[in-house]
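These notes are about the structure you will find just below.
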Amino acid sequence: MASLDRAARTYVAGHNGLVGGAVLRHLRSEGFTDLVTRTSRELDLRDREAVDRFFDSERPAVVVLAAARVGGILANSTRPAEFLSDNLRIQVNVLDAAARVGVERLLFLGSSCIYPKYAEQPIREDALLTGALEPTNDAYAIAKIAGVLHVQALRRQYGLPYVSAMPTNLYGPGDNFDPVGSHVLPGLMRRFSEAARDGAPSVVVWGSGTPRREFLHVDDLARACLHLLEHYDAPEPVNVGVGTDVSIAELARLVADVVGYQGAIEFDRSKPDGTPRKLLDVSRLHALGWEARIPLREGIEETYRWFRASLAEGAARGIPTPA
Ligand SMILES: NC(=O)C1=CN([C@@H]2O[C@H](COP(=O)(O)OP(=O)(O)OC[C@H]3O[C@@H](n4cnc5c(N)ncnc54)[C@H](OP(=O)(O)O)[C@@H]3O)[C@@H](O)[C@H]2O)C=CC1
Ligand SMILES: C[C@H]1O[C@H](OP(=O)(O)OP(=O)(O)OC[C@H]2O[C@@H](n3cnc4c(=O)[nH]c(N)nc43)[C@H](O)[C@@H]2O)[C@@H](O)[C@@H](O)C1=O
């Protein structure tokens, strides 16, 4: 694959989000000069006619599809209809429009939750569709699986060099810190930080603490996205991860340590654990010459500095701005 032309018009869908924001920063730092963005208020990607008009007028040559309805285990399990419907519509509208106007390169972002709940660990890309899904996020996973197949169908029917990446659990600057809707790492960072501030004697962590997850800093993911656009052109999705995991109890202790919380940690077993383990096999990506660089503790420390600075500015997502 040839490198991308830095002057190519490049649309980053979802640029206000965790992933889209990091992709935008990385593309800028790599010299991309014609970046196109729209917030969901400016362009609701669920609206097919609006998406068609946008692609007709902007004519991007490259698209990174990082816009999606995203949330942690509780949001996914309590609002499955939104996760299924919004994600299907966003993907179908963007992929159809991209193919119609002749977008040259496109990266679709799936998620490690598309793999079966009890997939063999570490999870290889060919585990897709080999077993039953984790019920807490099956609606979201089915939408994302449809996206992977849509990319493969566009390749098969029209010969378009579009590709899919499957990131593991992500974190970093720009994450969503909503106490109910967020993923575990920002959720715990907020809770431990508030407990440290208030001198709370204990902090509650959802579930048993035994599930294992792999955490990738979003700046690493952004590098991987560009790497795949420039070095990968095949139908199979590519896992993006670090290759090691931690238990939720270990993660909780690490976050507590970084934010300086010294009280007790309690586990609320009434909350779902979700998949017992989700560790990706990243050998395909390593064979393409890419590896993660940011160690977990360092990434959490940097994210915490960003979180505190954003709190001070009233700019952290999922946290009400003080009146
Ligand atoms: N976070 C994670 O741990 C993981 C994420 N991923 C994948 O990465 C991608 C990005 O996720 P992430 O950045 O975390 O999610 P975020 O929630 O941080 O960002 C999603 C973005 O999508 C945009 N969006 C949502 N709905 C619409 C809509 N109807 N029309 C237009 N834009 C919309 C939002 O735009 P606006 O802000 O303007 O409303 C938002 O900025 C997703 O495909 C997700 O599946 C994969 C694995 C793990
Ligand atoms: C990326 C991936 O993210 C989701 O799947 P998940 O990996 O289960 O994500 P999670 O980050 O929400 O939880 C991880 C683990 O952590 C535990 N946990 C403890 N305490 C908190 C807590 O405070 N918040 C949250 N959210 N979880 C907590 C929680 O009980 C679970 O055992 C998918 O729905 C789907 O969206 C998807 O693709």
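In case you wondered, yes, glycine gets a Cβ from its N, Cα and C as well.
Those TrEMBL annotations? Automatic predictions, nothing curated.
Since the structure is predicted, the reported quantities are computational estimates derived from the model, not experimental observations.
Per TrEMBL, the feature domain 'NAD-dependent epimerase/dehydratase' maps to 11-241. Annotation source TrEMBL lists NADP(+) binding site at 14-20, 109-112, Lys144, 167-170, His183. The annotation site 'Important for catalytic activity' is assigned in TrEMBL to Ser111, Cys113. TrEMBL lists Tyr140 with the feature active site, proton donor/acceptor. Marked as substrate binding site by TrEMBL: Arg191, Trp206, Arg213, Asp273.
Same-chain residues at least 6 positions away in sequence with a Cβ under 8 Å from that of Gly14 (NADP(+) binding site) are, in sequence order, Gly20, Leu65, Ala66, Ala67, Ala68. A distance of 20 Å separates the Cα atom of Asp273 (substrate binding site) from that of Pro167 (NADP(+) binding site). Less than 6 Å separates the Cβ from ligand 1 in the case of Ser111, drawn from the binding-site residues Ser111, Arg191, Arg213 in sequence order. In the vicinity of ligand 2, defined as a Cβ distance under 6 Å, the following of the binding-site residues Gly14, Leu170, Asp273 are placed: Asp273. Nearest neighbour of Leu170 (NADP(+) binding site) by Cα distance, taken over the recorded positions Cys113, Tyr140, Arg191, Trp206, Arg213: Arg213.
Of Cys113, Tyr140, Arg191, Trp206, Arg213, all annotated as recorded positions, the residue with the shortest Cα distance to Pro167 (NADP(+) binding site) is Cys113.
Counted within 10 Å of its Cβ, the other Cβ atoms near Ser111 (NADP(+) binding site) come to 22, all protein chains included. For Gly17 (NADP(+) binding site), the same-chain residues 6+ apart in sequence whose C-beta sits under 8 angstroms from its C-beta are Ala66, Ala67, Val70, Gly174. Over the domain 'NAD-dependent epimerase/dehydratase' (11-241), the average per-residue pLDDT in this prediction is 98. With a 10 A radius on its CB, Arg213 (substrate binding site) counts 21 other CB atoms from all the protein chains.
In space, Cys113 is the closest of the recorded positions Ser111, Cys113, Tyr140 to Trp206 (substrate binding site), judged by Cα positions.
Cys113 (site 'Important for catalytic activity') sits 25 Å from Arg191 (substrate binding site), counting Cα to Cα. The DSSP secondary structure for Gly20 (NADP(+) binding site) is helix. It is 18 Å from the Cα atom of Arg213 (substrate binding site) to that of the residue listed as 'active site, proton donor/acceptor'.
The number of other CB atoms found within 10 A of the CB of Leu170 (NADP(+) binding site), across every protein chain shown, is 24.
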